[in-house]
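> Here you go, one structure.
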Amino acid sequence: MEVAAAAAPAVRCGLRRCRAGLRGRWASPAGGVPLRLCSTRVTLEGINKPVIDRIIRVDHAGEYGANRIYAGQMAVLGRSSVGPVIQQMWNQEKDHLKKFNELMVAYRVRPTVLLPFWNVAGFVLGAGSALLGKKGAMACTVAVEESISDHYNSQIRTLIEEDPEKYKELLQVIKQFRDDEREHHDIGLEYDAEAAPAYSILKTAIQLGCKAAIFLSERI
Ligand SMILES: [Fe+2]
Ligand SMILES: [Fe+2]
């Protein structure tokens, strides 16, 4: 634990800043406009429902999968020096998932039918990468978080092309989560992901899996 305490101050500081941001964001967003996304007061009139359905369904699935990955990593490495760092990233994923659970209710979107599969696959990926060691777990984090943040970026472009004013609040959520995922990616690099055994192959394989998961979760 002492090693973790010595190695992680910068990361903890970053995460703390981020987590404080998360809490503050929903309580009092910039500009003083109250967010209503966690209530059922979202106006569904005039929105492009198929596009929003697809975005919220896949993002919910992604955050659900991320939670299961970190659960798997914690099952293996929870007591190791990287345990506290993984736990803090997992805590943020719990916030993300909670938000998308609320958005699903607000926008009346059903979850993907693949959730039971992502439940198992996420945990196996997390635990499996952690069995390769701390660097293996971090390589998995880098691969997954890069895929998720890239995907959030493409959704941001879609929503801006649709109507940035209409989807202002959803954009705010996705942009913030994109930044959080980017931070997780950087933490993975900081903790020597690139020194994992067969890093390039591992990263490519995991990202192919992420692409397939995104493709399927958007559609079914
Ligand atoms: Fe997330
Ligand atoms: Fe993340």
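Heads up, residue numbers simply count up from 1 along the chain you see.
A Cβ is built for glycine as well, from the same backbone N, Cα and C atoms used for every other residue.
Note that the structure is predicted; figures quoted are calculated from it, not measured.
Found this in TrEMBL, in case it helps:
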BINDING   E63, E93, H96, E181  Fe cation 1 binding site
BINDING   E93, E145, E181, H184  Fe cation 2 binding site
> Taking Cα atoms as reference points, rank the binding-site residues E63, E93, H96 by distance from H184 (Fe cation 2 binding site) and give the first.
E93
> Could you state the CA-to-CA distance between E63 (Fe cation 1 binding site) and E145 (Fe cation 2 binding site) to the nearest Å?
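If we compare the Cα positions of E63 (Fe cation 1 binding site) and E145 (Fe cation 2 binding site), the gap is 11 Å.
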> Spatially, and counting Cα to Cα, which of the binding-site residues is closest to E145 (Fe cation 2 binding site)? Options: E93, H96, E181.
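For E145 (Fe cation 2 binding site), the spatially nearest of the binding-site residues is E181.
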> Using a 10 Å cut-off, grab the number of neighbouring Cβ atoms around the Cβ of H96 (Fe cation 1 binding site), all chains included.
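If we count other Cβ atoms within 10 Å of H96 (Fe cation 1 binding site), we arrive at 23.
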> Tell me which residues of the chain lie with their Cβ under 8 angstroms from that of E181 (Fe cation 1 binding site), as long as they are six or more apart in sequence?
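Correct list: E145, I148, S149, Y152.
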> What binding-site residues among E63, E93, H96, E145, H184 have a C-beta sitting less than 6 Å from any atom of ligand 1?
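So the answer is E63, E93, H96.
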> Can you check which residues sit near E93 (Fe cation 1 binding site), meaning Cβ under 8 Å from its Cβ, same chain, 6 or more apart in sequence, and list them in order?
E63, A66, N67, Y70
> Output: those binding-site residues from E63, H96, E145, E181 whose CB lies less than 6 Å from an atom of ligand 2, in sequence order; none if no residue fits.
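What lies within reach of ligand 2, judged by Cβ under 6 Å, is E145, E181.
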> Per DSSP, to which secondary structure element type does H184 (Fe cation 2 binding site) belong, with helix, strand and coil as the options?
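Looking at the DSSP assignment, H184 (Fe cation 2 binding site) belongs to a helix.
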> If H, G and I count as helix, E and B as strand, and all else as coil, what does DSSP give for E93 (Fe cation 1 binding site)?
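DSSP call for E93 (Fe cation 1 binding site): helix.
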> Identify all same-chain residues not among E63, E93, H96, E181 whose C-beta atom falls within 8 angstroms of the centroid of the Fe cation 1 site's C-beta atoms; report them in sequence order.
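Leaving out the recorded residues gives G62, A66, N67, Q92, D95, L97, I148, F177, D180.
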> Counting Cβ atoms within 10 Å of each candidate's own Cβ, which of the binding-site residues E63, H184 comes out highest?
H184
> Cβ within 8 Å of the Fe cation 2 site centroid (E93, E145, E181, H184 excluded): which residues?
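Checked against the 8 Å cutoff, the neighbours are A66, M89, Q92, T141, V144, I148, S149, D180, R182, E183, H185.
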